[in-house]
Amino acid sequence: MNKTVSKHIFTESRARQNFAKECEDAINKQINMELQAAYDYMAFFTYFDRDDVSYPKAAEFFRKASHEEREHAEKLAKYQNKRGGRVQYSDIKCPTKTEFSDLVDAMNTALSMEKAVNEVSVASLSQI
C-alpha cells in the first residue's frame, strides 16, 4: 500500500468542526438504510421487468425509486465528507421479497419499506 495514502486513512479531518459523533453515526445509519432501500427497489424493478411478468410501467417506477434512494445516500455521504465525518458502510442484505402476487402487493411492500426507513430516520434524529 502506498505509504502516503495509508498514513491518512484513519486520521480525523481538518474540516471537522462542531460535528458531533452522534450526528455522524445517525447520518451513517441513514446512508446505509437508503442504500438498502435502493437495493430492494432494484429487486422490485427486476421482477416487473422479467419476461414472464412484463409490467414495464411498474418496472420503470421501481427503477426510478431505486435511483432516488441511491441519490439520497450519495447526498448524505457528500454532506458527511463536507463536514469532516467519515462514511461507514455496513452489509447490504438480500431483499426479503423478490416475488409479488400483483402490483398492489409490491406497492404495499414498498410502503412498509418507506415507513421503516422514515421511522429509523426520525428515531435517529430525535436522539441527537
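Even glycines carry a Cβ here, placed using N, Cα and C.
The domain 'Ferritin-like diiron' feature in TrEMBL is assigned to 17-128.
Summarising the annotation, TrEMBL assigns Fe cation binding site to E34, E69, H72, E114. Here E34 (Fe cation binding site) comes close to E69, R70, H72, A73, L76, V117: these same-chain residues lie at least six apart in sequence, with C-beta atoms under 8 angstroms from its C-beta.
Long-range Cβ neighbours of E114 (Fe cation binding site) (same chain, at least 6 residues apart, Cβ-Cβ under 8 Å): A37. Cβ neighbour count for H72 (Fe cation binding site): 18 (other Cβ atoms within 10 Å of its Cβ, all protein chains included).
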